[in-house]
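All remarks here apply to the structure that follows.
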Amino acid sequence: MDRKQYCVKLSVQPSRGLMDEKFIVLVQNALPGSQLTIRALHQCEDGHSWEAFGHYTADTTGTINVSEDPSIGGTYSGVEQMGLLWSFRPIPGSKSGLRMRKKNIQTPMEVTISVYQGHQTEGFADLVPLSGVAVERWYMAPGVRRIPVTEGGLTAALFLPSGPGPFPGLLDLWGGGGQLVEYRAALLASHGFASMAIDYLTAKITMETGKMVDNQYFETAYRVLQQHPQVCGSKIAMIGLSFGTSITLKMAVYSEVIKLSAAVCISGSHVQPVDGSVEEILRFFQKNGEKTRFSEKNEVIWRDLLLPIPTDPSLKVNVGRLQCPLLLVVGEDDQNWPSQESALDIKEMMARAGNSHLLTVLSYPNAGHLIEPPYTPHARSSTLKTVEIEEKVMCLWGGQTVEHSRAQEDAWKKMVVFLKENLYGGRNPTSFSHL
Amino acid sequence: MLAVSKRCFVFPCSCRAAPPGCGPHTLGRLFSAMTQVVPPILSVTPSRALVDEKFKVLVENLPPGYPVTVRSLHNSEDKHDWEAYGHYVSDHSGVVSVSEDLSYGGTYTGKEPMGLLWSMRPVPGSRPGLRLRKMNVCTPMLVTISVHSGHEGFRDQAPLASVLTERWYMAPGIQRITNNEQGVQGTLFIPPGPGPFPGLLDMWGGGGGLLEYRAALLASHGYVSLALDYLRFDQESENLELKYFETAFNIIKDHPQVMSDRVGIFGLSLGSLVAVTLAAYSTIIKPCCIVCISSNHYYPAQGSTVASRFEGVTRQLYKARVNEDNQVIWKDVGLEFITDPSNIAEVGRINCPTLLVNGCDDQNWPTVETAEDVARLMREAGKEHLLSRLAYPDTGHLIEPPFSPHFRATTFVIHSSKEKVLLLWGGKTKPHSDAQEDSWRKILSFLQFHLYCGPCLKAKI
């Protein structure tokens, strides 16, 4: 062993954190002034490897603190406490169009963080690091329980926070890709919300009968949640992303059964045939299919399918009738849905109807469509198989990595505060300062 | 529906000012009976941590000026319940922050961010003399933190909210390997990463057995650590003086992921005696540094084993004083042993940096006198520059990793007689806990200095 090398010490605190918690990466005992690379490596469930790295210079005490010191190169630069997570990208040689999404949220995401001599940009697999640690990132806090839900024909999973309750409830919907996506609901349960993730496009009943679910499906989900002994039935919110926002707005305004205390709509629109079923809404989108555009890299741009925002009231959810607070999260570089234009129209409609005091819009320049929980890597485009089309396409979501990652962090924080205020009846929003 | 007066909803600033019939019981029932009202939000950050890491316990969404009790509960591996609690009053925004606010009473008072852990004691009704020690280090210690309405009688009703938190001895990626190579019994903990790492031989005291938790925690700080099982009363011939320990030390030293000139020894009580004698007498191994907690330098005869000498001590314990609580005090007996200079290890022969940590209220062994004696002898031998000492007032014998509960007296089985006694270790909970926190930080700093960036390396550059 080379005795001349300093025994560099690397630590990450906390070594087991929630997905939205920050960590402190500290290098100590390096040669003062030495150039070092700190790298994160993660192998996801489908076997692909992701990496992120920053180039640093140790100070006069031989220390690097990632939350205080600037990276001068790598997959992120500047002072970026969480850059090692949000700037993750597939390692060189990976196939294109990948997106990082965890399916099994009962196990943690495992990340190896290592420090290397010099400013390295490639060939990490052939280098021996000076030091390395293992870090766990969890979607589920200890004590959070996952309960599969199948009653009433539902394909859903309920996440209950630890403790006696009762807890406010949340219905969690994703978009056109379908499947039962659980991670956001699991994370929200870790913040005290009884959250039910719902599969409404590829539900078991749809796969077996070939028929899309009807509007009662969502009302059933609401009822199941409301009647749970540990759920506070009068405090239920709904959160939707992309196509999930179409459902959320429809239910918030028109459902006789669903009475929401709050709604969160991320990267979506109110444009849809009012009174349409899930199937009818999808067909409406498909009808405008010829408005599909392609980028120079042949990525699919679908934002025009709902443009221009119609003036015909039968083609827009009548948000003027909304009775609960609504939080809209918009990425201004959304290439998949016209979320910015929709948000503007929603704002106008609500101003005219006199209920705009219920509306909050968070709009982020250079953020794309997939506004995910914080520190999730940004996918500007990825392959997608939707329920409408048979083959996989390369879908352009939009967004520039740095601004998109900042948007994810900011939007999440504000979203959790919004939910706590409206569902827990927060007396003082500034008291949620630990977020 | 409850017949509560309008004044209840104003929530008076202290429960004493509350109108009759509107005490904590009523308000607590108000929360749980009315499903229209959601409970407070309790959070522990981080929810998963190493045992020596701090957490922040926060209660939000309470009524302003509302009295609550924040409580911790842990069900140990041997099925005993341990708890701690503090009485708080929420501020004008309905918040109780355990890290910032004062506890007005309970098992701890004042501003104590970690009081919910270090002030834990067995729940009322438990049998006396219990001690909390984790045997399975591969799983976390699970602690439930809950918030209850009111101060007096808070246990009478269900909590308003509760969360589970995990406290780990092992960081992610640490390998745990059982060792019985070369007749040495122990468990090796290897940090993640390429290495090489400095190493540590870790030993506990006269209670015997194999305790892994401190070695696991040291590995979580970057040391290849071997928790050694050495007090094998049934295998005396194999535990010949020094040889067993030298072999154990070499197992660490020769490990491919260990820097062979960076291996230290860490011992508590009898374990510190082993550390001192190895450093003073071994011609085969040279520890890079040693840490001795509740130091012991009683070394009456060479050529005998640690176990037999320990038995020799225990056979004299009939002389030990027993106090009015029926607790056995070994300290004075120990003092008699060490007053004879021929019974003392020649610590002046130690050639490596040495850290002595002891409690001034140690009732189990005269560690204060021992430390003084070691200092004198090392000074006389011109080795004073190698010695560092930490001595803590009102601190007892069992100086454990931080936030571990304090045990003033626990049951102990004497091997030779199979007698169960209540052994007095000493210390008062708050100062003892402060000592655990302070000493651990300083121990880690000492180890980092000598094993990670020690002078031997600098000399080579």
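Just so it is clear, glycine is given a Cβ too, placed from its N, Cα and C backbone atoms.
Under the heading domain 'BAAT/Acyl-CoA thioester hydrolase C-terminal', TrEMBL lists B:241-452.
Sequence-distant contacts of B:Ser269 (active site, charge relay system), defined as residues of its own chain at least six apart whose C-beta falls under 8 angstroms from its C-beta, comprise B:Trp204, B:Gly205, B:Gly206, B:Ile293, B:Ser294, B:Asn296, B:Asn364, B:Trp365, B:His397. B:Ser269 (active site, charge relay system) falls outside any helix or strand according to DSSP and counts as coil. Under the heading active site, charge relay system, TrEMBL lists B:Ser269 (among others).
The active site, charge relay system feature in TrEMBL is assigned to B:Asp362 (among others). Sequence-distant neighbours of B:Asp362 (active site, charge relay system) (same chain, 6+ residues apart, CB-CB distance under 8 A): B:Ser294, B:Lys331, B:Val368, B:Thr395, B:Gly396, B:His397, B:Trp425, B:Gly426, B:Gly427.
Positions annotated as active site, charge relay system by TrEMBL: B:His397 (among others). Under the three-state DSSP scheme, B:His397 (active site, charge relay system) falls in the coil class.
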**Request:** Tell me the Cβ neighbour count for B:His397 (active site, charge relay system), meaning other Cβ atoms within 10 Å of its Cβ, over all protein chains shown.
**Result:** 27
**Request:** Could you pull the average pLDDT for the domain 'BAAT/Acyl-CoA thioester hydrolase C-terminal' (B:241-452)?
**Result:** 92
**Prompt:** DSSP on B:Asp362 (active site, charge relay system), three-state: which is it?
**Reply:** coil
